[in-house]
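Student: Below is one structure. I have some questions about it.
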Amino acid sequence: MAKTNLNDFDKIIVLDFGSQYNQLITRRIRDFGIYSELLPHDLSIEKIKEMAPKGIIFSGGPNSVYDKGALKVDPEIFKLGIPILGICYGMQLMSYDLGGKVEKADNSEYGRADIEVIDPNAVLFEGLPREQYVWMSHGDLVTKAPEGFTITAKSKNCPISAIANDEKKFYGIQFHAEVRNSEYGLDILKNFAFKVCGAKANWTMDDFIEMQVDEIRKKVGDKKVILGLSGGVDSSVTATLLHKAIGDQLTAIFVDHGMLRKDEGDQVMQALNKDLGVNIIRVNAQERFLNKLKGVTDPEQKRKIIGKEFIEVFNEEAKKLKDVDFLAQGTLYTDVIESGTNTAQTIKSHHNVGGLPEDMHFELIEPLRKLFKDEVRELGEKLGIPHDLVWRQPFPGPGLGIRVIGEVTEDKLKIVRESDAILREEIKNAGLQEDIWQYFTVLPGIRSVGVMGDGRTYDYTIGIRAVTSIDGMTADFAQIPWDVLSKISTRIVDECDHINRVVYDITSKPPSTIEWE
């Protein structure tokens, strides 16, 4: 049976106590095929009852339960008959609220720790080795479990590493099962989701598409929608989903600022407009953007100018359209979480990169606001967007404008665009495109002496940046084979004008960022 709203899916909710890993918990549960949301720690009991989750997870957080202003839950939550898993601070809070004892640890644990499962019947550890390593990050610990709880695991510095009350289906783990540094963390979460909560894996992208198409049609009716199309994955998927729902009632305004990767604008038009039928107005505005950027070298100023100009071009085109009621955006669930709100809004001034004039009144529509980035990519493929377009690497809004260090000119953009295309082609030829998180070229504005033929040259240097990462928060430089780097370097020098040197950035993040500007 088709799902028509989120209440039709089994769900496990995560209450937010401030941990840096909160989004990961939600992601892991969704990866199991179970719908999950990250919600405020003080979510009302009435709202929880309305959502009817199969389980609740208390996240970790930086507080001590004894801190003034420490984040708490309504004690009534323990009377709902819903299974609860407390992670790190979540375990401490549950223990404290139910009569256990929490104290400051003599030896705080930050990093890898070895635990031993001491209860052979512990459901969270069912089917897992007795000894395993986990990721700890805590300054307090539970020193006495609440009445009715058994201790199920211990470590050298944390004698109560996991607790269980099977009768009430309350469980606690002092470590972070959601991070990959915990050896069997995902299995522990699976045991909670399926064996304890009895949740069904019925969260599918096909159902989401049907649900969203139905919601969009009900909301929009016979009215018109506009969308600012950047050429990126999020706005492209938003456009395609809206087109599936309302067809030509959608007009996407594609502001081509002339700082996209090689052939990228044409690829977007081919895939979305010609192949999928999305109604797109393409505005070729490179000259306009370059005029505004003339003489500007500060990276933050460049970003602001590009963002402001994007909005102005979008506004001019939007005003040409008549009787438009809705503005669509490619807002993702990560944006919703970071903004601290989960409520829809009607706007007068709103856009991804700036604000619309006060005299433009639109109602906001955000069909991707419940999805993470990887889910958006899956959705894009389901909607028929080409794989290469859906799986393009992260690309900054200002585009190549911040990969030209210093003043941006048409000639410099051409150098970066051509060198970047060579890098991509050779990485793909070597079969490395799925192994490297992100890779691109940079024009640092450095000139150096070289020799080409019988003559002396004094030309630009190209920098290659390639990194491996899991989430982009930290990154290591990619160890590309020397023969591949050699071929890339040779081709860039031979095929790109005004380049006589290629260097490879071997700095990790931190201390460097992935982008140079």
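Glycine residues also receive a Cβ, built from the backbone N, Cα and C atoms like all the rest.
Dumping what Swiss-Prot says about this protein:
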| type | residues | note |
| --- | --- | --- |
| ACT_SITE | Cys88 | active site, nucleophile |
| ACT_SITE | His176 | active site |
| ACT_SITE | Glu178 | active site |
| BINDING | Ser230, Gly231, Gly232, Val233, Asp234, Ser235, Ser236 | ATP binding site |
| DOMAIN | 11-202 | domain 'Glutamine amidotransferase type-1' |
| DOMAIN | 203-392 | domain 'GMPS ATP-PPase' |
Student: Determine which residues of this chain, when Ser230, Gly231, Gly232, Val233, Asp234, Ser235, Ser236 are set aside, have a Cβ within 8 Å of the centroid of the ATP site's Cβ atoms, and list them as they appear in the sequence.
Tutor: Leu229, Val237, Thr238, Val268, Gly330
Student: When you rank Cys88, His176, Glu178 by Cα distance to Asp234 (ATP binding site), which of the active-site residues ends up on top as the closest?
Tutor: Glu178
Student: Where does Val233 (ATP binding site) sit in the DSSP three-state scheme?
Tutor: helix
Student: CB neighbours of Ser236 (ATP binding site) within 10 A?
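Tutor: There are 28 of them.
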Student: What is the separation, in Å, between the Cα atoms of Cys88 (active site, nucleophile) and Ser235 (ATP binding site)?
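Tutor: Ser235 (ATP binding site) has its Cα 37 Å from the Cα of Cys88 (active site, nucleophile).
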Student: Counting only other Cβ atoms and using a 10 Å cut-off, which of the recorded positions Glu178, Asp234 scores lowest?
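Tutor: Result for the recorded positions Glu178, Asp234: minimum number of other Cβ atoms within 10 Å at Asp234.
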Student: Which of the binding-site residues Gly232, Val233, Ser235 has its Cα closest in space to the Cα of Glu178 (active site)?
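Tutor: So, spelling it out, the nearest of the binding-site residues is Val233.
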Student: Could you find out if DSSP has Glu178 (active site) as helix, strand or coil?
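Tutor: SS state of Glu178 (active site) = coil.
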Student: Taking all residues of the domain 'GMPS ATP-PPase' (203-392) together, what is their mean pLDDT?
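Tutor: Mean per-residue confidence for the domain 'GMPS ATP-PPase' (203-392): 86 out of 100.
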Student: So of Cys88, Val233, which of the recorded positions has the fewest other Cβ atoms within 10 Å around its own Cβ?
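Tutor: Checked Cys88, Val233; of these recorded positions, fewest Cβ neighbours within 10 Å: Val233.
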Student: Counting every protein chain present, what is the number of Cβ atoms, excluding its own, within 10 Å of the Cβ of His176 (active site)?
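Tutor: I get 24 for this one.
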Student: C-alpha of Val233 (ATP binding site) to C-alpha of His176 (active site): distance in Å?
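Tutor: Pair distance, Cα basis, whole Å: 31 Å.
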Student: Quick one: give me the count of other CB atoms within 10 A of the CB of Ser235 (ATP binding site).
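Tutor: Step by step: centre on the Cβ of Ser235 (ATP binding site), count other Cβ atoms within 10 Å, giving 22.
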